[in-house]
Amino acid sequence: MNADTFNELPSHVWPTHARRQEDGVVTIAGVPLPEIVEEYGSPAFVIDEADFRCRCRTMAEAFGGADHVHYAAKAFLTRAVARWVDEEGLCLDVASDNELQIALAAEFPAERIAAHGNNKTVEFLRRCVERGVGRIVLDSFQEIERLGAVAEQAGVVQPVLVRVKPGIEAHTHEFIATAHEDQKFGFSLASGSALKAAREVLEHPHLRLVGLHCHVGSQVFDAEGFSQAAERVLGLLGTILSELGSLHPGGREGLAQQLSTLDLGGGYGIAYLAQEQPLDVAAVAADLLAKVAAQAEELALPTPTVMVEPGRAIAGPSTVTVYTVGTVKDVHVGDDRVRRYLSVDGGMSDNIRPALYGAQYDARVVSRFVDGDPVESRVVGSHCESGDILIENAHFPNDIEPGDILAIPATGAYCYAMSSRYNAFGRPPVIVVSSGKARVMLRRETVEDLLALEAE
Ligand code: LLP
C-alpha cells in the first residue's frame, strides 16, 4: 500500500460519479465534498442520484423488466427515493406500515407495492388492503387468518404470496441469513407447513394466491444459494399444483396460470472494500432465469415470472458518508506496536453495521491528496463506547490530521435506515448530488427536534 492507493477511488466501491480533481479534492456528480461539509456540516450522507437510478435500470435489464424488480425500501427510503424508483418503473417492497405510508405519501402506485414482515400489524394489513397494495407476502398462519378477515371486511380479494423457507444455508452473516430452518421468517418447506399455508390461502374466498416467495439472505455472493432456493421453491410450486389443483375451478392448469410469480427476494452482494468484487448480477440473473425456465419445463408448468427485491445493490454504492477528523491519537498496543486512532464526528449512530455484523469499510481523505506512509489505524466515532468503531483494522497514511475530511463509501444501504440517536446525536442530513448541484433530501436532526418529542 502506498500514497497512490490512498488517493485512488476504486470504481466498484465508490459512486459512479466520484472523481478526484487535480487539487486532490473529491467531487461526486461534480460537487466537491468539502463544499458539502462547509454548507451542511458533517457527518453527512451524500447520494449520487444518477448512480442510484442507473442501478435500478441495471437490475431491470438483468431480470427482464422494471416491473420484475421491487426495490427493498428497508435499505433506504424517503419520498424522493420512492419517486426515483417509481420514475424508473420499478416496484417497491415495504416492510412496515410507516414504509408503506412514506411510499403512499410519494404517490407510489399501490398496485406496484409488495408488503413484507413476519408480524404485520392489523393496521398495516388494513392499509394495504384498503389502498390496493399489489401483493402481501404471508409469513404465518395467524396472518393468513388476520388478512383473510381484513380482506373480507373490505369486501375484496387480496393477491398474496406465501413466503417459503427453503432450508438452505446462505453464506453470509448469521443475522442476515434467512432461508435456513431455525429463523423467524416464512413457512418451512421441509416440514410441510408451506404446502399447508398454500392450501389455507387457496381455500380462503378473500385471498388469491398468485405465487411463492423466498429470500435467502443479504450480502450474498454465492450464486448457488439463489439457484438452490429457486429450485426448491419451484419444486414446491409443482407439488402445490398436483396436490391442490383441484381447489381451483380451472384445475391444475387454471391454478398454474394463477401462480405465475416466483419472487426470489434480494441479497445481491456489493463491494465495500477495494479487494472485493460485487456480485455480477447480470450473469447471476441470466443463469437463474435459464434454470427456472428449464425446471418449469421439466415439471410441465408455465415458466413463472421471476421477481427480485434488491435493496443494497441499488442503494448501497450510491452513497458516501463524509466526516471530519477531530482527533488523532497514537495508542500503544504491544511492545513496539502503536495503533493510530482517527476519531471522526459521527460513528455507530450513523453506521451500526461494523458493530452489529463486523462489516468492513474503507475510507479516503477527500479534501486533499495524502502522501504519508501507511500506519496501522482504526477509524472510530465520537460515541461514549469503545465499540464505536467504523474501521477496525486498516492502514492509513500518517499525514491525516484534524480537520481533514474523510469519506466512507458504500453507505447507502442500511446505514441511515438503521441509524440511531445514541448520545442524543441528531441524524445526519442526506444530501443529493446531481449534475453539479447539491440539494437536501433529509435535513440534519437538531436538538430542537429531540426536545420536541418530549412530552414533559
Ligand atoms: N427482500 C426481503 C424479504 C428481505 O428481507 C430483504 C432484506 C431484502 C429483500 C433486501 O435485501 P438486500 O438486497 O438489500 O440484501 N440490515 C442488514 C440487512 C438486512 C436485510 C434484511 N432483509 C445489513 O445492514 O446488512
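Cβ atoms are placed via backbone N, Cα and C, with glycine included.
TrEMBL names GLY267, GLU309, PRO310, GLY311, ARG312 for binding pyridoxal 5'-phosphate. Of TYR357, TYR361, TYR414, the residue it gives for the same site is TYR414.
Its own atom aside, the Cβ of LYS74 (N6-(pyridoxal phosphate)lysine) has 23 Cβ atoms within 10 angstroms in the protein chains shown. In sequence order, MET59, VAL69, TYR71, ALA72, GLY266, GLY267, TYR268, VAL281 make up the list of same-chain residues 6 or more apart from PRO310 (pyridoxal 5'-phosphate binding site) whose Cβ falls under 8 Å from its Cβ. Broken down by DSSP into helix, strand and coil, the domain 'Orn/DAP/Arg decarboxylase 2 C-terminal' (317-412) contains 7 helix, 44 strand, 45 coil. Take the Cα of GLU309 (pyridoxal 5'-phosphate binding site) and measure to each of the recorded positions LYS74, ARG353, TYR357, CYS384, GLU385: the nearest one is LYS74.
Measuring Cα to Cα from LYS74 (N6-(pyridoxal phosphate)lysine), the recorded positions that fall within 10 Å are GLY311, ARG312, TYR414, out of GLY311, ARG312, TYR357, CYS384, GLU385, TYR414.
Per-residue confidence over the domain 'Orn/DAP/Arg decarboxylase 2 N-terminal' (51-315) averages 95 (mean pLDDT, predicted model).
Set side by side, the binding-site residues GLU309, GLU385 differ in how many other CB atoms lie within 10 angstroms of their CB, and the most is found at GLU309.
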